[in-house]
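K.L.:
Mind having a look at this structure? Questions to follow.
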């Protein structure tokens with residue numbers, strides 16, 4: 001075997017220790033670095049250390065080569081106590097060169113650590129990167145050996161300190177699947193041309209984390225961004241030589257390392273910190289981060305590909321090879337190779353990588369490219385494969401969002417609807433059907449109805465819900481939404497492959513002219529078609545996925561395979577953005593987020609919601625009659641109406657009440673002309689309001705249609721808030737000015753009540769007003785939701801218990817004053833302190849520490865509430881103790897005082913001074929109690945009734961009215977207190993009398 005390896009390197013003097021086989025990769029423990037590498041058939045493994053060239057710091061030279069002699073369970077390992085983060089390293093691996101048996105060891109090739117957490121440099125194509133003589137004209141040239149050293153041309157690995165980043169209070173948003181809206185984007189392409197982002201960070205992780213970008217995500221309304229591949233990848237040699245690049249990034253070579261091409265801060269580990277900062281800022285905004293990952297293949301190609309990592313470390317232990325001649329590779333991916341997921345070490349690599357991105361990088365989910373490949377056992381796709389078994393039992397991976405591209409290029413690779421529970425799938429049948437329907441294909445109604453309602457024909461039998469379907473119209477591969485209505489044919493000439501690459505059957509329609517046109521009518525029709533597509537997408541059951549730029553009418557000039565176009569073809573052109581379509585899309589997303597009828601967790605069943613009511617879903621013809629079986633099969637039928645019942649959602653709110661919503665009637669018309677439609681009968685609705693018409697650009701503002709009642713509530717609360725604050729300030733001023741008022745025991749509890757309501761009116765109520773105005777939380781983040789919930793629950797509960805204690809104390813003050821004065825500390829000060837501290841401690845624990853998962857809904861009041869309220873026992877107990885008992889205690893104590901006073905009035909009035917004092921106490925109490933009873937007793941009664949009857953009507957009454965009606969107790973409390981504070985009222989009268997008279 002030809003060798004050009006320098007053995008004198010092995011004499012390098014470096015302090016070493018035995019090390020450990022785990023964890024794999026380079027791990028810094030604070031004192032040194034442990035290196036571990038898996039290779040079953042290797043005979044020798046060398047750890048190569050690099051340092052910067054003094055003349056050129058970007059030029060790395062190999063300074064040390066260490067023979068790793070320790071091996072445990074086929075894992076080679078060594079410990080270097082003097083090495084610190086920032087050390088550059090790679091491997092050389094020796095062993096048999098026997099391609100027919102799958103062995104391609106070549107010690108002359110520098111190899112990237114499969115577990116490298118950071119990689120510096122990019123691949124510089126050179127003949128030495130190949131393990132064979134690339135210029136040999138023989139078809140068997142891969143059987144030759146190339147002994148050139150590849151070190152100068154290959155990226156190197158970087159040791160990092162995984163524990164150096166301060167995540168602070170970062171936590172995953174944990175958006176429920178039915179509330180998730182995915183936004184697929186390319187890190188570079190999204191911000192490269194953005195004029196409002198600093199030029200030096202455009203196209204990087206830092207740009208995605210920039211306030212301008214995050215603000216755009218928030219205003220658009222998406223809940224998760226799906227990043228196209230960011231794991232370190234390589235560009236194929238033939239693409240590079242055509243002057244192009246691997247823009248999409250699907251040829252991964254480093255499954256743990258964020259790619260340096262998207263780093264603005266550095267390439268020696270700084271890219272890891274920049275990525276983490278990006279995730280942290282997105283999480284703070286309530287936006288999840290999903291990674292597009294390609295664990296099915298690597299960038300090393302087939303037998304004629306380069307030797308960069310796995311091929312040289314242990315080709316046979318990583319790749320799926322032909323059974324008869326292991327010189328050749330199985331290729332289910334169209335890239336030349338396939339990782340062998342049947343092997344334990346490959347499964348471990350994938351699982352370790354996934355866990356690393358979850359635990360160390362805090363990502364929230366993964367979209368698995370060509371996921372069917374990962375499930376192939378021998379050759380067929382097996383839904384019971386080891387890959388799925390390991391995923392499901394893993395406590396870390398199993399809790400994040402798992403999205404599959406459920407197909408590959410092999411036989412039997414199209415597996416839409418066949419993945420196991422726990423997975424959501426890119427629903428290719430949804431894309432194809434919706435495209436066909438809107439371009440007027442015949443016989444589409446039946447399938448379109450299936451796709452619109454969540455594709456139950458694909459997912460229901462496996463007890464999966466509508467959220468198993470990722471609904472999409474376009475993706476990174478294929479036409480953009482704008483090109484879908486502009487081109488019939490692909491135009492991929494600039495890819496340099498004679499336009500043979502890319503899908504030829506796109507189910508697109510150019511509306512009469514190929515490409516851009518000045519025809520006003522065609523352009524208007526194209527705009528209408530785009531609105532048709534988007535409306536269908538966001539009103540369908542399932543998880544919608546929008547491709548970045550589709551809301552801006554981004555074009556790729558007819559290129560439906562822009563995998564190699566790192567230029568204006570792929571980048572978003574913000575200066576040419578379609579702002580009309582952007583605003584339309586924003587409002588569509590807002591409509592979906594505000595109405596749970598469009599994001600159900602359960603299937604429609606077409607049955608009445610309750611006896612005597614209408615169905616949860618009903619289908620109609622243009623004449624208002626129900627669709628019949630034969631109507632679905634008519635070739636010419638291209639139009640129908642669907643009624644979606646807001647009272648048939650079959651899910652519950654955070655408070656345990658049945659979720660109810662408005663009912664909607666949607667008319668779809670793919671017919672080329674206008675159709676007069678008759679609305680359903682009065683049993684479905686007596687009055688209808690037009691919300692959206694895709695034939696028109698303007699769309700009614702959400703505030704005007706989502707809830708007129710909420711606008712009235714907003715107006716009432718807004719009108720009362722300023723007078724309430726002024727009245728409270730007036731009382732506070734005189735409390736501290738008038739010593740007599742301040743020293744009276746009976747006024748202490750009034751002061752506490754006033755302070756609690758003042759904090760609520762000035763601090764918490766504005767958050768609710770902003771929610772009523774915008775339809776979403778002020779800040780869409782987990783931390784803010786926790787704060788809002790604790791703040792809200794604490795103040796309302798504190799006020800209710802303070803009122804209950806006040807009622808009991810008034811009874812003692814009127815009838816047992818001596819006893820009360822004797823036990824003042826026990827009966828007065830301790831209860832006051834408990835009224836304030838008890839709610840703070842209770843809800844801080846229940847909201848932040850209780851062992852349940854909070855799935856916050858940023859489009860709901862108080863983010864939908866805390867998760868413990870979903871638990872029947874704990875949620876009910878909290879309502880009973882902190883929302884019912886205190887109200888009932890206050891009511892009972894007040895009635896008892898009034899009744900006893902009426903009975904003993906003749907005896908009490910003989911002592912006029914005692915009666916006057918008691919009368920003021922009683923009047924003050926009755927006034928306050930009446931306010932709280934009038935506000936809170938309807939809430940208590942509503943809760944008790946729904947607890948035993950699950951009435952959708954009362955649930956709707958509470959969520960739409962009573963939840964905001966509660967604020968009246970806080971807003972009106974200062975006025976009632978002022979009426980009961982004689983000295984303060986007297987000061988107000990005196991002040992008015994002292995005003996100078998005009999004239």
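Here the Cβ of each residue, glycine as well, is placed from N, Cα and C on the backbone.
The model shown is predicted, which means the values in this text are computed figures rather than measured ones.
Take a look at what TrEMBL says about it:
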TRANSMEM  711-736  transmembrane segment
DOMAIN    727-977  domain 'G-protein coupled receptors family 1 profile'
TRANSMEM  748-772  transmembrane segment
TRANSMEM  787-812  transmembrane segment
TRANSMEM  824-846  transmembrane segment
TRANSMEM  879-903  transmembrane segment
TRANSMEM  923-949  transmembrane segment
TRANSMEM  961-981  transmembrane segment
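Help me picture these features in the structure, burial and contacts included.
P.N.:
Residues 710-711, 713-714, 717-718, 721, 724-725, 728, 731-732, 735, 778, 788, 791-792, 795-796, 798-799, 802-803, 805-806, 809, 828, 832, 835-836, 861, 924, 928, 964, 967, 969-971, 973-974, 977, 980-981 of the same chain, all 6+ positions outside the transmembrane segment (748-772), place their C-beta atoms under 8 angstroms from a C-beta of that stretch.
Proximity of distant same-chain residues to the transmembrane segment (879-903), defined by a Cβ-Cβ separation under 8 Å and at least 6 residues beyond the stretch ends, is recorded for 655, 793, 797, 800-801, 803-804, 806-808, 810-811, 814-815, 839, 842, 918, 922, 925-926, 929-930, 932-933, 936-937, 939-940, 943-944.
Sequence-distant contacts of the transmembrane segment (961-981) (same chain, six or more residues past either end, CB-CB distance under 8 Å): 709-710, 713, 717, 720-721, 723-724, 727-728, 730-731, 734, 741, 747, 750, 753-754, 756-758, 760-761, 765, 768, 772, 795-796, 799, 861, 920, 923-924, 927-928, 931-932, 935-936, 938-939, 942, 988.
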K.L.:
What parts of the chain pack near the transmembrane segment (787-812), using Cβ distances under 8 Å and only residues at least 6 beyond its ends?
P.N.:
746, 749-750, 752-753, 756-757, 759-760, 763-764, 767, 777-778, 819-820, 827-828, 831-832, 834-836, 838-840, 842-844, 847-848, 862-863, 865-866, 882-883, 885-887, 889-890, 893-894, 896-897, 921-922, 924-925, 928-929, 932, 936, 966, 969-970, 973
K.L.:
Summarise the model confidence on the domain 'G-protein coupled receptors family 1 profile' (727-977) as a single mean pLDDT, whole number.
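P.N.:
Within the domain 'G-protein coupled receptors family 1 profile' (727-977), the model's average pLDDT equals 80.
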